[in-house]
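To start, the structure itself, in structure tokens.
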Amino acid sequence: YQYPLMFGLILAFCWCSLVCCSRIYMGMHSILDVIAGFLYAILILIVFHPVVDLIDNFNLTYKYAPLIIISLHLALGIFSFTLDTWSTSRGDTAQILGCGAGVACGSHVNYILGLQLDPPPHTLPLSLSSLTVTVFGKAILRLLVGVIVLLLTKVAMKKATIPLACKIFRIPHADVRKARQRMEVELPYRYITYGMVGFSLMFIVPCLFHFIGLS
């Protein structure tokens, strides 16, 4: 969409500030951690921004892209679990990697099936339409339907993956919280569950919107 540059900068600054301050407020990171993370994010943007289109094209068009993406994200998840003690950051890392892999695979499936979910490049940038009761109501309905589907996906996968991982690795699952502190349980649970959430976000939910006339 076409919107004023200053509006975008203010929105980005406010969102970044809220995320950084929440980390400090919750005691998850120190001020130095947040500053280092902010600078690291800028470095990532500098390195990857020039090749974003190449990566996106590879993800969409290469036949074995999903297999490579899943393997790479899974390997990164295993690497992040090499800590000797349990930490919530390990689960969060696996959750982010799983969601990223799911989103990438969902995009690939959309391309393979010829589902044009995004507007053609020649129509961009889009102009903001006037806000009407119909448009607002449709947006709220899309939000509710999408959130419900994603929550159901998360609950269903959580119910399935934790007991299955405990059974495979012979870990007692009477105390689910304690069982999840084991790498053998937490990694498959986070990766598979949020991988499916990301896949649903990119493929299942948009298809459902199209089916019920909310596209």
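Placed from the backbone N, Cα and C atoms, the Cβ positions cover glycine too.
TrEMBL annotations: computationally assigned, not manually curated.
TrEMBL annotations:
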| type | residues | note |
| --- | --- | --- |
| DOMAIN | 9-52 | domain 'Phosphatidic acid phosphatase type 2/haloperoxidase' |
| TRANSMEM | 6-25 | transmembrane segment |
| TRANSMEM | 32-52 | transmembrane segment |
| TRANSMEM | 64-83 | transmembrane segment |
| TRANSMEM | 95-113 | transmembrane segment |
| TRANSMEM | 133-152 | transmembrane segment |
| TRANSMEM | 191-212 | transmembrane segment |
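DSSP places the residues of the domain 'Phosphatidic acid phosphatase type 2/haloperoxidase' (9-52) in helix, strand and coil in these numbers: 39 helix, 0 strand, 5 coil.
Counting same-chain residues at least six beyond the ends of the transmembrane segment (32-52), those with a Cβ under 8 angstroms from any Cβ of the stretch are 16, 20, 23-24. Long-range Cβ contacts of the transmembrane segment (64-83) within its own chain (Cβ-Cβ under 8 Å, at least 6 residues beyond either end) map to 58, 90, 93-94, 97-98, 100-101, 104-105, 108, 183, 186-187, 190-191, 195. Nonlocal intrachain contacts for the transmembrane segment (6-25), taken as residues 6+ away from its ends with a CB within less than 8 angstroms of a stretch CB, comprise 31, 33-34, 37-38. Looking just at the domain 'Phosphatidic acid phosphatase type 2/haloperoxidase' (9-52), the mean pLDDT is 92.
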